[in-house]
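In what follows, a structure is listed as structure tokens, so that the remarks can point back to it.
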Amino acid sequence: MRVLLVGGGGREHAIGEALVRGGAELYVVSKHKNPGLARLARGYGLAKETDIKKVLEYAEKFGVELAFIGPEAPLEKGIVDALEENGIPAVGPSREAAKLETDKAFARTFMERNEIPGRKVFRVFTDVSKMRSWVDDFGRPVVVKPIGLTGGKGVKVVGYQLRDNEEAKSYAEELIRRDGRVLIEERTNGVEFTFQVFTDGKRVLPMPLAQDYPHAYENDEGPITGGMGSYSCSNGLLPFVTREDYEKALETLKATVEAMRKEGTPYKGILYGQFMLSKGGPVLIEYNARFGDPEAINVLPLLETSLLEVAEGIVDGNLQGAEFEKKATVVKYLAPKGYPTNPVRGVKVEVNEKAVEEVGARLYYASIDENFTLLGSRAIAVVGIADSLEEAERIAKSVIPHVKGELFYRRDVGTRKSVEKRIELMKEFGKEFEPNPC
């Protein structure tokens, strides 16, 4: 089957590889030519992923029968609706359903209206004085969020990016003046984790949990990035997530899909819940309407079921099953020096792919072009897969000497020490549990 993949990052390289492994004939449209995808694809179109007209032209030219949407920006523009109107079924939510990610105020009011478990106290404001008096009355630390897509970089939390609620009010005022409205939520203390599922609008199939490292530098310091790496465990859980917590988080995602269906906006594709595990259980921080990047790179190499079959099940409303190999994974992203604030661009990197293969690791290309020139964002994801976390981390780390260029990475991603730190943090927040093996 001819499948069009929209997007050209590390996440999309992992999707493309899984589609080809599952029997698809792959065609790609993205704004730059990803060297990994270029080898897998029968045809490659260069266009902005949000240029719906151009994407449709390529879809027609390649004669594709199915599309798979990688990033969130084209979903917001209604790419799935446009493809389906032109007779091409697509893996991804409609523009309206994608509002779970693209409109944070929509997502929170939807959860409230449908009594979805894992809700937070929130308010949406358009008026500066009302916002200021509510924050004063609330009296507890808050989180300030822009309403739309921010690439994970516009959210600010009191005690982290914001000193106190006074600073939160100033930032919220800035957003109201810029965007016309702002979302303010209670701050939840805990440890974050990623829960991704496949859904056809009715059935929900879970993937292994993952945890990412959003800060640029070691020990969770520095600016927030798209994610400097992530890990997953062989049992599909995480050391600090109990089976009960897992079931509660899954119930949040199932209830979401069911409520979307009942409201007449069926959600199909990948739904990704970013959860905060608090003392009282999992709380939904935000929805994402697509795979995580890097978290897609943890789970897709483990998928034993054909991704093409899963994709067909999603668009046909007949999702059957998704089996994953029981292995631990560690993904480390190599990013240009200076990322994310002032990244090096236009410089070439050298990759010894043969040596990478010999150490048993995998590589996924991201913000790098066909000439191996850095484009300014996270460039290459290296992945270790093994029975234990330690071995997976060792494999991922052993790739680093075989990639030469003006790059940096977080050495602590997926290390036992960093995972133990998260377990300790959870205990400090008053959660009583016996850590799962990883």
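Easy rule for this one: first residue shown is 1, then count along the chain.
The backbone N, Cα and C atoms fix where each Cβ goes, glycine too.
Copied over from Swiss-Prot:
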- 108-316: domain 'ATP-grasp' (DOMAIN)
- 135-194: ATP binding site (BINDING)
- GLN274, GLU286: Mg(2+) 1 binding site (BINDING)
- GLN274, GLU286: Mn(2+) 1 binding site (BINDING)
- GLU286, ASN288: Mg(2+) 2 binding site (BINDING)
- GLU286, ASN288: Mn(2+) 2 binding site (BINDING)
Work out how many Å separate GLN274 (Mg(2+) 1 binding site) and VAL135 (ATP binding site) at their Cα atoms, rounded off.
24
Chain-internal residues near GLU286 (Mg(2+) 1 binding site), provided their CB is under 8 angstroms and they sit 6+ positions away:
GLU101, LYS104, ALA107, GLN274
Please average pLDDT over the domain 'ATP-grasp' (108-316) for the predicted structure.
97
In the three-state DSSP scheme, GLY159 (ATP binding site) belongs to coil
Around LEU183 (ATP binding site), how many other C-beta atoms are within 10 angstroms of its C-beta?
22
In this structure, the one of the binding-site residues GLN274, ASN288 whose CB has the fewest other CB atoms within 10 Å is GLN274
DSSP, reduced to three states, assigns VAL191 (ATP binding site) to strand
Cα separation, ASN288 (Mg(2+) 2 binding site) to VAL135 (ATP binding site) (Å, whole number):
27
Just to be sure I understand the packing, how many Cβ atoms besides its own are within 10 Å of the Cβ of VAL135 (ATP binding site)?
21
Whole-number Å value for how far ASN288 (Mg(2+) 2 binding site) lies from LEU175 (ATP binding site) (Cα to Cα):
21
